């Protein structure tokens with residue numbers, strides 16, 4: 001470009017790199033960077049450990065494991081008087097039909113722990129006349145009931161339920177054994193029952209109570225079935241993941257020796273796999289033609305806990321077919337428009353393959369990152385559970401008639417002699433929920449917020465450490481004049497040591513910025529959830545715009561951080577300087593960045609897509625029993641899509657783990673390649689260090705040294 005325009009361009013985007021004969025890759029003599037942020041990160045980690053210790057000392061995970069009776073005691077907990085009473089029994093399940101249940105998640109009826117659910121119909125009046133029946137009945141009553149007490153006295157003090165009905169345990173709770181006979185709701189094979197107060201009630205009257213009491217139970221039922229499917233298929237899921245890992249490793253090895261051929265094979269295979277998916281969806285769509293009920297729309301069907309129902313509808317397969325067809329067309333169009341740039345991307349992938357061949361330990365580094373991330377996730381999850389269960393039991397007044405003290409807190413120890421009981425004789429003091437009024441409980445939401453924020457910060461720090469470590473290892477390969485003689489003996493370990501010793505503060509700084517953006521996104525999602533019932537269109541629009549903007553900001557920060565870590569790994573500068581230099585370097589080469597680097601990312605994404613597609617198709621035919629050879633081998637499941645989705649999702653993460661090494665290698669080599677173009681001109685004094693394959697594609701040549 002003309003000299004004046006070139007100066008103006010570089011003035012806006014920084015000065016290009018100057019030739020430095022002493023530069024031979026990542027600088028060894030460097031100092032600590034971003035020390036203030038390093039100290040802040042260490043203090044935050046120590047505070048995080050303190051929060052964990054506090055949560056573990058105050059929390060009680062039993063509150064999410066065992067059901068709780070009206071006294072706040074845990075049913076079935078080992079080492080307690082209720083150890084042999086694992087099931088929760090409701091005195092009057094019909095009171096759960098109250099709309100307040102959906103707000104307070106607590107039925108306004110006495111609840112007690114029993115060893116098993118009632119197995120037959122029985123009223124207190126009838127049981128009282130027979131000693132054996134009354135002894136059986138008393139197993140579902142509070143302590144203190146004797147044969148000398150009268151029925152009115154027992155009912156007045158709320159010591160026994162007015163009736164028992166056949167029930168079945170579900171999620172450790174007794175629910176009426178409802179059934180259907182001739183279109184009529186039954187309980188215990190009877191369409192009517194005696195409510196214990198001389199009234200005959202229809203069995204359908206129990207439905208509202210059971211429905212409200214099982215608002216969360218239905219979801220738990222699906223979760224239990226999914227859990228059972230996992231217990232039946234975990235062995236085969238592991239085999240599928242091993243296949244995904246071996247397939248990914250095979251692709252990496254083949255890319256090392258046959259990069260050009262493998263990329264084209266990868267492209268063709270992706271097109272064929274998606275094409276087969278379109279064909280299979282069409283065959284399923286055509287096979288359901290004329291089948292009863294197959295023309296029902298998804299909107300008419302609504303949400304169903306049995307997801308297999310959706311596969312019996314033609315519209316489901318039509319939707320799958322349209323989605324796959326759109327993906328197929330997009331991929332083909334991108335390949336047509338980018339066919340020339342693919343050649344340059346293949347040359348870059350070939351060089352990345354050579355780099356990985358010299359730094360083979362880099363392929364196993366994602367396992368180290370995975371272990372660290374697993375520790376971070378485990379610490380966050382355990383701390384969150386203990387924090388959420390570190391409240392105290394709160395008791396409230398529940399009553400059937402009007403009462404001024406309704407829903408106020410009470411003390412069950414002296415409630416029988418309290419003013420509330422005197423003013424409201426039919427009221428009860430029952431366990432409501434877990435809470436507290438102490439300073440610790442008031443700031444509990446703040447501790448949960450801190451737990452989430454530190455989770456993001458630590459997870460982003462681990463990811464950043466991996467990026468900087470791999471960047472340093474691959475940069476040492478690129479800038480080595482004689483490969484591998486000029487490279488460190490252990491490039492990954494050398495780079496990891498430099499990153500932790502000198503740049504912990506820089507890693508903490510970059511991950512802190514990203515974590516702040518992510519926590520804002522979480523708060524926006526929380527706000528959106530809270531305002532779902534609002535009808536203000538303007539508020540919804542603004543919230544949607546903010547969510548979109550912060551999503552874009554998060555992607556931009558990740559892009560800046562990634563390139564900043566590469567510059568830090570090479571030159572050892574602080575975060576802000578490295579981020580600026582990396583950004584300006586890319587801005588000075590915007591065309592190459594927009595085309596070459598993104599085309600390479602696209603090709604690597606196709607590789608991940610191919611592995612996931614191949615493993616997913618294999619999992620589908622195995623778990624669905626569509627292939628007769630697998631019918632006797634495949635486990636019998638409630639939802640065969642559970643292991644299929646598990647294998648597909650985890651296969652993607654496995655493939656992403658292997659290909660992320662390639663992606664980081666390509667990004668590092670790409671930045672080094674851009675710096676090489678600025679530092680050197682191909683002369684004998686300033687030769688290009690890029691490989692010959694890249695020089696040929698870019699029409700760059702190293703001039704021969706003059707004869708001596």
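Note that Cβ sites are derived from N, Cα and C of the backbone, with glycine treated the same way.
Using a Cβ-Cβ cut-off under 8 Å and counting only residues 6 or more beyond its ends in the same chain, the transmembrane segment (33-56) has close neighbours at 379, 382-383, 386-387, 390, 440, 447, 450-451, 454, 457-458, 461, 502-506, 508-509, 512, 568, 572-575. The transmembrane segment feature in TrEMBL is assigned to 33-56 (among others).
According to TrEMBL, the transmembrane segment annotation covers 234-255 (among others). When Cβ-Cβ distances below 8 Å are used as the criterion, the transmembrane segment (234-255) is approached by residues 262-263, 266, 349, 353, 356, 363, 607, 611-612, 614-615, 618-619, 622-623, 634-635, 643, 646-647, 650-651, 654-655, 657-659, 662 of the same chain, each at least six residues removed from its ends.
The transmembrane segment annotation in TrEMBL covers 261-279 (among others).
According to TrEMBL, the feature transmembrane segment maps to 317-338 (among others).
If one looks beyond the transmembrane segment (363-387) by at least 6 residues along the same chain, the residues whose Cβ comes under 8 Å of a Cβ in the stretch are 51-52, 55-56, 58-61, 64, 249, 252, 356, 444, 447-448, 451-452, 454-455, 458-459, 462-463, 465-466, 469-470, 492, 657-658, 660-661. According to TrEMBL, the feature transmembrane segment maps to 363-387 (among others).
With a cut-off of 8 Å between Cβ atoms, the residues of this chain six or more beyond the transmembrane segment (452-480) that come close are 23-26, 41, 44-45, 48, 51, 355, 358-359, 362, 365-366, 368-369, 372-373, 376-377, 380, 384, 486-488, 491-492, 494-496, 498-500, 503, 507-508, 510-512, 514-515, 518-519, 522, 561-562, 565-566, 568-570, 661, 664-665, 667-669, 672-673, 676, 689. According to TrEMBL, the feature transmembrane segment maps to 452-480 (among others).
Per TrEMBL, the feature transmembrane segment maps to 500-524 (among others).
Among the features that TrEMBL reports, transmembrane segment is placed at 602-624 (among others). Sequence-distant neighbours of the transmembrane segment (602-624) (same chain, 6+ residues past either end, Cβ-Cβ under 8 Å): 233, 236, 240, 243-244, 247-248, 251, 263, 266-267, 269-270, 273-274, 276-277, 331, 334, 338, 342, 345-346, 349, 630, 633-635, 637, 640, 643-644, 647-648, 651-652, 655-656, 659, 662-663, 666.
For 644-674 (among others), the entry in TrEMBL reads transmembrane segment.
Taking every recorded stretch in 261-279, 500-524, 644-674 and counting its Cβ pairs under 8 Å to the transmembrane segment (317-338), the highest total belongs to 261-279. Beyond the transmembrane segment (261-279), the same-chain residues lying 6 or more positions past its ends with a Cβ under 8 Å from any Cβ of the stretch are 251, 254-255, 320-321, 324-325, 327-328, 331-332, 335, 342, 345-346, 349, 603, 606-607, 609-610, 613-614, 617.
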